[in-house]
Amino acid sequence: MGVYLRTYCYVMIIVLVLGTEVRSQSLKNGYYSTSCPKAESIVRSTVESHFDSDPSISPGLLRLHFHDCFVQGCDGSVLIKGKSAEQAAPASSGLRGFEVIDDAKAQLESVCPGVVSCADILALSARDAVALSSGPSWTVPTGRKDGRISLASEASNLPSPLDSVAVQKQKFQAKGLDTHDLVTLLGAHTIGQTDCQFFRYRLYNFTVTGNSDPTISPSFLTQLKTLCPPNGDGSKRVALDIGSPSNFDVSFFKNLRDGNGILESDQRLWSDSETNNEVKKYASTIRGLLGFRFDNEFGKAMVKMSSIDVKTDVDGEVRKICSQVN
């Protein structure tokens, strides 16, 4: 009986391990090579077309993919419209790029109806958006299915500009992402903008006495106060990387080193010993290998992030329209 139980346990362990491996390998490179050979080229040309009209669409698509993966996993749930859907959550304020996904989806449906998921389109679009912004490109494993659930209440766990480094680490770890991934993925802030309302408190009312955040360099503080006066328009947009706002590069990390970070959550990466070491690697010309290190690591981190809680097979569906379930 004891031998039987041990044998049974070994068999179950093997089944569980194999099951996990199959699950983790459910995404693969070239998933649509036979079912829709032009899938990736159609997505790429669509993103490029929108980028040519409005280069600022790149950070929008990148943020859209990030939000999607952190809520319900990378299943296109952020694309669903509805009064109680993720798009209605306060954390989703300012999300953009939906028209790019819809455009690509419409083209794909005309060529390969019911084949390419909205979740995959979003993952591919984020990659292409970075590449068009003078950033790296990487191979995106595909095969995601679209989820059927989208709840605004679940978006409350998204990272916030007010989060401490400890909270940021906790939120990323909950998704299977380590500190290295955290710093690398936040490097996406090398492109894009934010509203004055999300960081103006750092300029005028950081403490109860009304002082400015002491981690902001004096010269940069003067610059930010000019851009965002105390009684000015809170919705005014400011580049997250004033040095090179349109280029996907390591300027963002050099800004943190010099006290020129816009968001408090970003600048705090410099004050934590663990994240500081990661920032230094990217900011250093030598250790950063002239930016090659960041380019390489960002692609790997994006592949890891875009695999969070993916739905495959019967777990999801391929939506006909990305903004609504079938």
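Using the three backbone atoms N, Cα and C, a Cβ is placed for every residue, glycine included.
These come from TrEMBL:
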type: ACT_SITE; residues: His67; note: active site, proton acceptor
type: BINDING; residues: Asp68, Val71, Gly73, Asp75, Ser77; note: Ca(2+) 1 binding site
type: BINDING; residues: Pro159; note: substrate binding site
type: BINDING; residues: His189; note: heme b binding site
type: DISULFID; residues: Cys36-Cys112; note: disulfide bond
type: DISULFID; residues: Cys69-Cys74; note: disulfide bond
type: DISULFID; residues: Cys118-Cys322; note: disulfide bond
type: DISULFID; residues: Cys196-Cys228; note: disulfide bond
type: DOMAIN; residues: 26-326; note: domain 'Plant heme peroxidase family profile'
type: SIGNAL; residues: 1-24; note: signal peptide
type: SITE; residues: Arg63; note: site 'Transition state stabilizer'
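All features noted in TrEMBL, drawn onto the structure.
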| residue | record | Cβ contacts under 8 Å, 6 or more apart |
| --- | --- | --- |
| Arg63 | site 'Transition state stabilizer' | Leu95, Arg96, Gly97, Ala188, Gly192 |
| His67 | active site, proton acceptor | Val78, Glu86, Ala91, Ser92, Leu95, Ala155, Leu158 |
| Cys69 | disulfide bond | Lys175, Met305, Ser306, Ile308, Asp309 |
| Val71 | Ca(2+) 1 binding site | Ser77, Val78, Glu86, Glu154, Ala155, Asn157, Leu158 |
| Gly73 | Ca(2+) 1 binding site | Gly147, Ile308, Asp309, Val310, Lys311 |
| Asp75 | Ca(2+) 1 binding site | Asp68, Ala119, Arg144, Lys145, Asp146, Gly147, Asp309, Val310, Lys311, Gly316 |
| His189 | heme b binding site | Leu240, Asp241, Phe252, Ile262, Leu263, Asp266 |
| Cys196 | disulfide bond | Leu227, Cys228, Gly232, Asp233, Gly234, Ser235, Lys236, Val238 |
| Cys322 | disulfide bond | Gly76, Leu79, Ile80, Phe98, Ile101, Asp102, Lys105, Cys118, Ile121, Asp146 |
For Cys74 (disulfide bond) and Cys112 (disulfide bond), what Cα-Cα distance in Å is obtained after rounding to a whole number?
22
Other CB atoms, at most 10 A from the CB of Cys74 (disulfide bond):
26
With the Ca(2+) 1 site defined by Asp68, Val71, Gly73, Asp75, Ser77, which remaining residues of that chain have Cβ atoms positioned within 8 Å of the Cβ centroid?
Cys69, Phe70, Gln72, Cys74, Gly76, Val78, Glu86, Ala119, Gly147, Ser150, Asp309
Do any residues at least six apart in sequence from Pro159 (substrate binding site), in the same chain, have a Cβ closer than 8 Å to its Cβ, and if so which, in order?
Phe70, Gln168, Lys171, Phe172, Ser265
Across the domain 'Plant heme peroxidase family profile' (26-326), what does the pLDDT come to on average, as a whole number?
95
Give the residue from the recorded positions Cys36, Ser77 that has the most other Cβ atoms within 10 Å of its Cβ, counting over every protein chain displayed.
Ser77
Cβ neighbour count within 10 Å of Cys118 (disulfide bond):
30
Check each residue in the chain of Cys112 (disulfide bond) that is at least six apart in sequence and keep those whose C-beta is under 8 Å from its C-beta; list them in sequence order.
Tyr32, Ser35, Cys36, Lys38, Ala39
